[in-house]
Amino acid sequence: MSEFAPRARLGVIASVLSSTIFGVVFILSASLDFTGNVFFGWRIVFAVALLLGFLGITRRLPALRGLLRRLRGNPRLILAIMLSSAMLGFQQWLFTWAPGEGRGLPLALGYLVMPIALALTGRLLFRERLGPWRIAAVSVAAVGVGYQVWQFGALSWETLAVALGYPIYFAVRRFARIEGSAGLTAEMILILPVALALLLIDDPTLATLRDPGSALSLSLFAVLGAGALALYIGASQLLPLSLFGMLSYLEPVLLIVAATVVLAEPLSVQELPTYAAIALALVLLAGEGLRRRGPKTSL
């Protein structure tokens, strides 16, 4: 058996667990009696602590120090990381706010469209080649999005925020070479002051911590959110990019199931063609990934 196989198995487990836990966090955001700002604040606090611990355990703290050195006297990089942090912070806030406001389904649709938008961004900004499978996927997704606009007049702002926001975020990261877990940790540290401010606006006396039940619920929520993020990072480092990309399609499917089945958000018959078209587009992308990996034989 090849040496890669154990790493691949661990990566697959980490990716599936990450998507599943993100689905649980999505449900908890709507089920627990806290505001989106409180959820967001504690999630970022725990994420910063866990990411710093992750860098320490994996001996990647020098990478964070290297990024900080690059920031000195480099106003463009400073602007880029502030921009990427703001965009990531907004996405993290939106993920905790939308389910509690009955907007989980539009949010999930954004995550479903995002891989298609990423493929298109790669072509337009980085001249990445779109093979026939990706061209077909983008075309089918465009039909689905066009149908949604024709049927309802527009896509919701939550859908657009995710589907367009993440590709811009990743593009800024790539242009500025803000890479890996060190870059993510730096972004989270920059998000932390805003997260704490929003937390204190909604809970100025931190009353939630004085109630054992509330404190336990918030801690569980924050730990799950931070743990899912750590598993996601781990999977990205253990798996080939094509396989990691295919497995990442599991999360939006779980979010849609959670929104419709668990949170009972209505999915109208008129919306079904949109979801079906985008699901088909994701299948085409997954098919391309499988073809790229090709048949492998174990030794």
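Cβ from N, Cα, C; glycine included.
TrEMBL annotations:
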type: TRANSMEM; residues: 12-32; note: transmembrane segment
type: TRANSMEM; residues: 38-57; note: transmembrane segment
type: TRANSMEM; residues: 77-95; note: transmembrane segment
type: TRANSMEM; residues: 107-126; note: transmembrane segment
type: TRANSMEM; residues: 133-150; note: transmembrane segment
type: TRANSMEM; residues: 156-172; note: transmembrane segment
type: TRANSMEM; residues: 184-201; note: transmembrane segment
type: TRANSMEM; residues: 213-235; note: transmembrane segment
type: TRANSMEM; residues: 247-266; note: transmembrane segment
type: TRANSMEM; residues: 272-290; note: transmembrane segment
The transmembrane segment (12-32) versus listed stretches 107-126, 133-150, 184-201, 213-235, 272-290: most Cβ pairs under 8 Å:
213-235
When each of 77-95, 107-126, 247-266 is checked against the transmembrane segment (184-201) for Cβ pairs under 8 Å, which one has the most?
77-95
How about the transmembrane segment (156-172) and the transmembrane segment (272-290): do they have 3 or more C-beta pairs under 8 A, pairs 6 or more apart in sequence?
no
To the transmembrane segment (272-290), which of 38-57, 107-126, 247-266 is linked by the most Cβ pairs under 8 Å?
107-126
Could you tell me whether the transmembrane segment (77-95) and the transmembrane segment (213-235) are in contact, taking contact to mean 3+ Cβ pairs under 8 Å with a sequence separation of 6 or more?
no
Cβ pairs under 8 Å only, please: of the recorded stretches 38-57, 77-95, 247-266, which one is richest in them relative to the transmembrane segment (107-126)?
247-266
Is the transmembrane segment (247-266) packed against any residues at least 6 beyond its ends, judged by a Cβ distance under 8 Å, and which are they?
12, 15-16, 18-20, 22-23, 26-27, 30, 99, 102, 104-105, 107-109, 111-112, 114-115, 235, 239, 275, 279, 282, 285-286
